[in-house]
């Protein structure tokens with residue numbers, strides 16, 4: 001009904017109006033609320049979810065979603081705070097790296113004669129020997145920017161991302177030249193392309209390796225960009241990576257010798273308070289075969305032991321105990337052996353020590369204990385050489401096997417039975433015997449023919465036989481014969497010194513731990529006829 005005056009007439013008639021009819025909204029506002037606002041909300045939610053996803057996937061610089069940005073840690077100038085004086089025990093490696101430092105300081109000295117520095121140097125050696133520390137020391141001495149990145153950080157979830165990170169890393173390095181680029185664990189991306197570890201031409205690792213090879217060929221070494229890399233698996237690296245013009249200098253970083261261990265201990269001991277009576281030469285002898293990282297741990301364990309005992313400084317005893325902690329673990333105070341077990345372990349350990357002492361060219365006994373350790377050992381005998389040995393004769397290796405069998409021989413001789421306590425001894429004796437025959441050519445039957453090859457020498461060594469089944473059977477037979485001969489020799493030594501075996505076992509049973517000096521004093525004393533040690 002179209003009546004424009006209706007409202008006025010209703011008001012004049014006294015009609016009360018409860019509600020006013022709303023006006024129709026504008027079309028523009030309707031479109032804004034219906035379409036634009038929801039779109040804005042969805043965009044906001046999408047951006048928020050994207051940030052969360054990047055964060056959870058390692059977003060930020062160098063994460064999985066960082067799209068080709070290298071996440072190398074950059075230490076500008078000498079901010080690493082490490083110099084060659086902080087690195088001990090690796091004098092040969094330091095000498096080779098000093099030349100790189102000199103080149104970064106005085107490049108014209110080399111360019112005048114027409115020489116160019118190697119583009120890359122590969123540090124190879126067992127874990128814990130200080131490869132990364134040496135690389136940082138080079139940067140600290142040269143006072144140039146230091147880029148540090150792990151090989152695993154190049155490998156990403158998207159194909160091509162690793163190659164992009166390599167390009168970005170070298171781009172940054174060229175911008176900050178002169179500088180040092182350090183790639184740790186380069187075997188992660190530098191493995192041989194023999195089909196064993198690659199799935200084809202589009203494999204992410206292969207693309208990353210190809211890009212690394214290209215970048216090393218492309219950058220100008222005269223700018224002062226030096227590439228250092230570290231690995232403990234040099235035999236697994238691609239030959240293209242090791243050719244001249246890439247990593248053309250190979251620097252071995254081996255386990256330290258006696259003097260090196262002493263120097264490393266002194267470097268780390270500067271950080272803690274020690275007694276004036278500490279003899280680092282004795283500690284270095286006892287820690288034979290330890291890496292730089294293990295020696296640093298020994299010093300730290302000595303300091304912790306001093307704190308536990310309420311002392312203000314570490315003593316010689318703290319260092320000696322910390323070596324045992326690294327070798328065999330902490331003392332297991334909650335494990336109490338029965339009297340019979342304690343007696344068996346006493347004879348077992350004295351068996352080792354007595355066989356070792358009665359053989360020529362065997363390392364002197366340093367300590368014997370029957371206190372259980374967290375490594376599972378119920379006791380152990382520690383031998384310490386006075387000097388370093390780089391070569392071992394056939395007789396010395398046979399003596400080692402006899403010493404390992406001495407514990408089981410003592411059990412057989414005294415208790416006419418055997419226990420599981422010799423499991424590790426059997427393993428070590430067999431390992432030496434097999435190496436003598438299959439690798440060292442110490443068998444008349446096989447002469448100088450290698451039956452076994454070893455790979456990954458810096459990671460314990462993976463051995464593989466390279467002979468027929470018949471030859472392998474004969475080899476096993478010769479290993480058994482060799483171990484058996486040394487076992488019989490150990491039995492004879494103990495039988496000839498049965499009174500000393502009883503006397504020493506009784507002393508160890510009562511004291512639980514005896515030193516090498518105490519052991520030799522009893523052994524060299526006039527013969528007695530003591531009764532056999534008994535359970536108490």
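Cβ coordinates are placed from backbone N, Cα and C, and glycine is handled just like the others.
What TrEMBL lists as active site is 349. Annotated ATP binding site per TrEMBL: 125, 126, 127, 128, 129, 130, 131, 132, in sequence order. Summarising the annotation, TrEMBL assigns Zn(2+) binding site to 348, 352, 425. Annotation comment: TrEMBL describes 117-257 as domain 'AAA+ ATPase'. TrEMBL lists 27-49 with the feature transmembrane segment.
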Residue 425 (Zn(2+) binding site) versus residue 130 (ATP binding site) - Cα distance in angstrom: 31
Number of other Cβ atoms within 10 Å of the Cβ of residue 128 (ATP binding site) across all protein chains: 17
Residues flanking the ATP site, with Cβ no more than 8 Å from the Cβ centroid of 125, 126, 127, 128, 129, 130, 131, 132 and excluding those residues themselves: 123, 230, 232, 253, 291, 292, 293
Chain-internal residues, separated by at least six, CB under 8 A from residue 131 (ATP binding site): 123, 124, 125, 184, 230, 253
Residue pair residue 132 (ATP binding site), residue 425 (Zn(2+) binding site) - Cα distance, angstrom, rounded: 35
Of the recorded positions listed as 126, 127, 128, 349, the one whose CA lies nearest the CA of residue 425 (Zn(2+) binding site): 349
All-chain count of other Cβ atoms within 10 Å of residue 126 (ATP binding site): 17
Least buried by Cβ count (within 10 Å) of the binding-site residues 129, 132: 132
Which of 125, 127, the listed binding-site residues, has fewest other Cβ atoms within 10 Å: 127
Rounded Cα-Cα span from residue 127 (ATP binding site) to residue 352 (Zn(2+) binding site), Å: 31
Same chain, 6+ residues apart, C-beta under 8 Å of the C-beta of residue 348 (Zn(2+) binding site), given in sequence order: 379, 407, 408, 410, 411, 419, 421, 422
Any further residue of that chain within 8 Å (Cβ to the Cβ centroid of 348, 352, 425) of the recorded Zn(2+) site: 349, 351, 381, 404, 405, 406, 407, 408, 410, 421, 422
Sparsest Cβ surroundings (other CB atoms within 10 Å) among the recorded positions 349, 425: 425
Within the domain 'AAA+ ATPase' (117-257), residues counted as helix, strand or coil by DSSP: 59 helix, 31 strand, 51 coil
C-alpha spacing of residue 128 (ATP binding site) relative to the residue listed as 'active site', in angstrom: 31
Lowest local Cβ density (other Cβ within 10 Å) among binding-site residues: 130, 352: 130
